[in-house]
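K.L.:
The following block contains the structure, expressed as structure tokens.
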DNA sequence: CTTTTACTGCAACTCGATTGCAAAGATTAC
DNA sequence: GTAATCTTTGCAATCGAGTTGCAGTAAAAG
Ligand SMILES: [Mn+2]
Ligand SMILES: [Mn+2]
Ligand SMILES: [Zn+2]
Ligand SMILES: [Zn+2]
């Protein structure tokens, strides 16, 4: 696992106090985090600073965002080597019972055969159901 | 193509003036519509009435909703025979140039192999890129 | 016809997201 | 070094999609 400093250096994002704690928090969580999740976890950091940090991270492919239908955008750290292009696509799983959203890096995504002349750029693939913990 | 009245009858949703015009509008559009799209198209129908109509339609599987990441939930009429369960899953395509979102009923969705003990209930699969019209 | 239930329109409100602005901090120019 | 410049941060205000309470109207039941 890389440290926050290493990741920011690789992605050419200047390191600051806020950026470090936001990235550290994201790295420490197994489930994708909303702005509010982060705000609650980092009690003394302003929401708009976190918000702008997340935008910066997303632009520079430090993290990616997930629209899981809960009404709050979630964020997760990109896998090592991820460039956020179609080859890095993966499913996200949203548990309808415990509200956790996470990246399914290990489930292969089949090649999507788009109609003639369509161009694939990105995708937001959210699979919903019960996670192993809730399906008992 | 079925008429609004036929669809509502099959789905056991009582027909009203608002419901008819909302469903007629959805049927007339090739792209999925947001609440605002519908509000703009139906100048004399109140937003909250349209909103509640959409909720009723969704509960009764007349339509399904799509979170395409644009910030506004989009709605599209279900295909004939659709029960909105996993077997009726299909991709949605969001064109990043013209902002249209539509159902890709003809692109098969491969079986998703979830991790051990996960249960699939639903999914929101949005593929983003350029539509044939914009990819020139 | 009367009672009950469902639908509609309007206004108010919620809440996640976003922005303007000034202060603080970091970087570059001299 | 200091001054000028650019970037980041915190705070408050704002935006806008979504949602709700409520009273009036329409439809269904008795
Ligand atoms: Mn992910
Ligand atoms: Mn669809
Ligand atoms: Zn769960
Ligand atoms: Zn297009």
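Cβ from N, Cα, C; glycine included.
According to TrEMBL, the record shows the following:
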type	residues	note
BINDING	A:95, A:98, A:131, A:134	Zn(2+) binding site
K.L.:
Specify all same-chain residues, apart from the site residues A:95, A:98, A:131, A:134, whose Cβ lies within 8 angstroms of the center of the Cβ atoms of the Zn(2+) site, ordered by sequence.
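P.N.:
Residues close to the Zn(2+) site, other than A:95, A:98, A:131, A:134: A:96, A:97, A:99, A:100, A:130, A:132, A:133, A:135.
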K.L.:
Give me the long-range Cβ neighbours of residue A:134 (Zn(2+) binding site): same chain, 6+ apart, Cβ under 8 Å, in sequence order.
P.N.:
A:95, A:97, A:98
K.L.:
For a quick check of packing: other C-beta atoms within 10 Å of the C-beta of residue A:98 (Zn(2+) binding site), how many?
P.N.:
11
K.L.:
Can you check which residues sit near residue A:131 (Zn(2+) binding site), meaning Cβ under 8 Å from its Cβ, same chain, 6 or more apart in sequence, and list them in order?
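P.N.:
Spatial neighbours, sequence-distant, of residue A:131 (Zn(2+) binding site): A:93, A:95, A:97, A:98, A:100.
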